[in-house]
Amino acid sequence: MSKSLPYSTKDVDYDNAKFRPRSFFKVATQNLLTSNLRRDCGSCSTGKFLFLILIFGVAYLMLAHTSSGGVVSDDEAIVNRNSYANSSIVNGAGKIKRFWRRPPRLPPRLSPDEKGSGNGNDHVSGNPDVVRSMWIARQKKVKEAFVHAWSGYKKFAMGYDELMPLSQHGIDGLGGLGATVVDALDTAMIMGLDEVVAEAGSWVEEHLSERISKKGQVNLFETTIRVLGGLLSAYHLSGGEKGTNLTHAGPKPAVYLETAKDLADRLLSAFTASPTAIPFSDVILHEKSAHPAPGGLSSTSEVSTLQLEFNYLSQISGDQKYSLEAMKVMEHMKTLPKIEGLVPIYISPHSGEFSGENIRLGSRGDSYYEYLIKVWLQSGASSNSNTSYLYEMYNEAMNGVRHLLVRKSIPNGLVFVGELPYGSNSNFSPKMDHLVCFLPGTLAIGATKGLTKKQAMKNNMLNFEDLENLKLAEDLTKTCFEMYAVTSTGLAPEIAYFHTEEFSEQGHDGGNKSSEFVNDIIIKPADRHNLLRPETVESLFVLYRITEDPKYREWGWQIFEAFEKHTKVDTGGYCSLDDVTIVPPHRRDKMETFFLGETLKYFYLLFADSSLIPLDKFVFNTEAHPIPINLKK
């Protein structure tokens, strides 16, 4: 790991006056005062006399020069004549002071990137009240979108996992635990929608425990991040364990905690039934039993994306069994061989070893890297903590990402993260899932530990790797936004390919011919769907909080407007799309739970004040449920 930068912010905000050229007068007088001519002339009275004449002559010329002005109006002339008698002495002294005064200090200059980071609202940037009012109004639009989505779900699918907004009914695709209710609950709390909180909270209190005790098979990962994570976040945000009390609606915090414990006790069977530290992927809730997925393998991301939730449950319940089981996974993964910190996307719960060679940061790989840094941050981000090995694994992995997976497209140089389908010795694939757009936000949080970039630099917290990661985060966020802007609908596809020297396909652009990057991004017909995913909005939110650059808000607003235009269903809810490259797009009859749990939450926080769920006090689980950082020392 790189050492800290050998300078402070005083050096970063350098004084350009250090490099200011000296005036001709200073050069001349300095030469006169230090040259042999001064000594020669000073040795005789004639020389002294001539030297004094020279000095007074130069002084007179300089004073005459500084007193000469431009065009003076008649009014100014009258004022000058009337005041001359009383101010001539003062003005004379002022001329001498102006002559001898030091040139003004020049402010630090912006880099070309910073100069170009303006946005379409520069005309109001000088008025903070106007800007603030604009973002409050946009935040209100997001809240209205959430209410519209919830109203459709409540009307047609209450208690089901997901809404089918076009056919107006619900389906259970996630085990039948009312996933949308729990996923949306903390979003409603953050937005201050007490009516929704009361409706969702009452459903949890009246129905969820019974469902947990009677339902059959659920996926360990999906149930943990959506339902367990949602319950734990609701517990904290409703005031549990001296938490952030954002609402007085709904049941008491203990209801969420007791339900979470009941669920987690059943999910623990995935760990205890496995012969290794790697848990099975599927759990039978009513039996408290578990078994592996068909084929026997677990996804690397799924088994390593449980720790935030189980750690927090141990903290608030006082029972360490949850954390102990979950952290065994990370401790075991620490011992496994890796390729520059990168790992295959499958792992066997039977052998405890990775399976295959496919390396990617998209599906089945993504949140492994996310939780390396977030679990460390959750524990207090101390170099002396028992989770410091996760920080080391994260840094090694990000170095591997930069070295093995990062490339630039042609002709315009978009930075993207590709894949190694057959390992590091195989051909590179310029394929990037929309899921990979989580990475910019993770890189930025890992660099500044949730502080703004300005604060982190002031505290001398950033090393060279942190600065490299921040730059990569900004470059990737730009690419993720362009995946939206390049399409006819303004919405991103599920998967994009990038034009490189080795890879090119004609006729598969995004449809927006006016985009600068229409020839950089390739969208194959099978990949053109949009599922209302949150990852780009997540990174826009984090990058805005950390860099404070308003362009990320503007990009987010453009994406929100595209969702409103193309995915909103009049009768309630929002839908997925089949093809983002054509207008009007064909609609899919599905509203994913994460649209309420993640996408709209991140939009709302992007447009909100930075004091709402601050990044140095919370980590978001991979389903956007905020979990407090343990700041106890």
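Glycine is no exception: its Cβ is also placed from the backbone N, Cα and C atoms.
Annotated features in TrEMBL:
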TRANSMEM  46-63  transmembrane segment
REGION    102-127  region 'Disordered'
ACT_SITE  Glu222  active site, proton donor
ACT_SITE  Asp366  active site
DISULFID  Cys437-Cys480  disulfide bond
ACT_SITE  Glu494  active site, proton donor
ACT_SITE  Glu535  active site
BINDING   Thr622  Ca(2+) binding site
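Checking the recorded positions (Cys437, Cys480, Glu494) against Thr622 (Ca(2+) binding site) with a 10 Å Cα-Cα cut-off leaves nothing. Using a 10 Å Cα-Cα cut-off from Cys480 (disulfide bond), none of the active-site residues among Glu222, Asp366, Glu494 qualify.
A straight line from the CA of Cys437 (disulfide bond) to the CA of Glu494 (active site, proton donor) spans 11 Å. Of all the active-site residues listed here (Glu222, Glu494, Glu535), Glu535 has the Cα closest to the Cα of Asp366 (active site). Between the CA atoms of Glu535 (active site) and Glu494 (active site, proton donor) there is a gap of 11 Å, rounded to the nearest whole number. Geometry remark: Glu494 (active site, proton donor) versus Glu222 (active site, proton donor), CA distance 19 Å.
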